[in-house]
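Student: Quick one: the structure is below, and I'll ask about it shortly.
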Amino acid sequence: MDLLIKNANIVDYSHSFYGDIYIKNGKIQEVGREISKDCKVIDAKGLTLMPSFIDMHAHFREPGFTYKEDIESGSKAAVRGGYTAVNLMANTRPICSTKEILNLVENRAKEVNLIDINQCISVTKNFDGVTLDHLDDFKKEEIVAISDDGKGVSDAKVMMKAMNKAKENNWVVISHAESKEFSDIDMRLAENMMTWRDITLAKVTGCKLHMAHVSTKEAMKYIIEGKCDGVNVTCEVTPHHIVLNNKISNYRVNPPIREEEDVNFLIKAIAHGDVDVIGTDHAPHTKEDKEKGAPGLVGIETAFPICFTKLVKENIITLNKLSKMMSQKPAELLGFNKGKICPGYDGDVVLLDLEKEVIIDSSKFESKGKNTPFDGYKVYGEVVLTVKEGEIVYEG
Ligand code: DOR
Ligand code: ZN
């Protein structure tokens, strides 16, 4: 579809300017001032236009746990949050270790037709922690990322072999760093040990390693050190790990809400440019499952205003830097032609009212999951419109 958006405050990872953007046949065709075209026109005066967001880390629970979320409800939640692409984790039921499950998810995504979905394949077959043969069933270009997220890969040798396969195929290994032997006694050690191990293995194998939901000061230090050493490592931080600390919240999530000192260190790392991506770890659960102790929270509908309020309003980073972490960098890692306001890129944009105060209200979520610790939080930045390839997919 063709769409002209006029008079917007346009912001991406490297530019900020006032003007218009013309999307033709789904791609950004022209960016400038006083563009005039014979097509649908939106006047965005007073609003900010950014590349729509891309979530490196979400759980849409299909197949197997569709009572918590499914691809349709997850996609609706995504566009309400300003996202038009997500990377889904493999902890479905069955686990996503086969072409059959991959096809099922891809077909559902096509039917729903709201956002682009990349589905991770598990590192080990059915998360058994040992088998890697299933990876040979996939061609190089069929997979972008592999992950056992929800669980760490316990055996270092298995992880090393998986990294070698990933290196051969140019896949990203997404690590949920949690050494199971420490999970019961020390969740901090559990994250730190596996973070160090995986960076050390990535150094040896040369594979692309992405550390999911980094939450401790030590883990972040290992990553910074690894980057300085030339390891091909990127990392992600979640909105909840930079806003909550264990003095103000004991909300159950993996990794857990950490100490104030950790939070301050993560924020400093963001300010220094050491954090590549904001990933939501959108993890929907029912009320009953949460009461039984299921870890996780829904984050895709609240990520932008939370990060904007915490990071940009408090002058820790510019909006350009936030755009880099929420759009350009995840697009680059996942191979999407998105994340920049530039001719030739997908016409995926979001219109935001940055002045608008929003009170988070989980009853309004499109997600089936209402599990959030942020109910009642006052934040800034409302998603007014989400556009995918020139089509309006959400209107607030
Ligand atoms: O809190 C979490 N919930 N952390 C994870 O790693 C998995 C996720 C889930 O799937 O519920
Ligand atoms: Zn995880």
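Positions of Cβ are set from backbone N, Cα and C atoms, glycine also.
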Student: Which of Asp281, Asp289, Asp346 does TrEMBL put in the same Zn(2+) 1 site as His57, His59, Asp149?
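Tutor: TrEMBL lists His57, His59, Asp149 binding Zn(2+) 1, and from Asp281, Asp289, Asp346 it also lists Asp281.
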Student: Of His176, His240, which does TrEMBL put in the Zn(2+) 2 site with Asp149, His213?
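Tutor: Among the candidates, TrEMBL records only His176 at this Zn(2+) 2 site.
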Student: Out of Asn25, Asn87, Asn91, which one does TrEMBL list together with His59, Phe60, Arg61, Asn254, His285, Pro295, Gly296 for substrate?
Tutor: Asn91
Student: What does DSSP assign His57 (Zn(2+) 1 binding site), in three states?
Tutor: strand
Student: Among Arg61, Asp149, His176, which binding-site residues lie by ligand 2, judged by Cβ under 6 Å to any atom?
Tutor: Asp149, His176
Student: Can you tell me how far the Cα of His176 (Zn(2+) 2 binding site) sits from the Cα of Gly296 (substrate binding site), in Å?
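Tutor: Rounded to a whole number, the Cα-Cα distance is 14 Å.
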Student: Sorry to bug you, but what's the C-alpha spacing from His213 (Zn(2+) 2 binding site) to Asn91 (substrate binding site), rounded to the closest Å?
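Tutor: That comes out at 16 Å between the alpha carbons.
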Student: So around the Zn(2+) 2 site, Asp149, His176, His213 aside, which residues have their CB within 8 A of the centroid of those CB atoms?
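Tutor: Nearby residues not in the site list: His57, Met89, Ser147, Gly150, Ile174, Ser175, Ala177, Glu178, Ala212, Asn254, Asp281.
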Student: So which binding-site residues out of Asn91, His176, His213 are up against ligand 1, CB under 6 A?
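Tutor: With ligand 1 as the reference and 6 Å as the Cβ limit, the list reads Asn91, His176.
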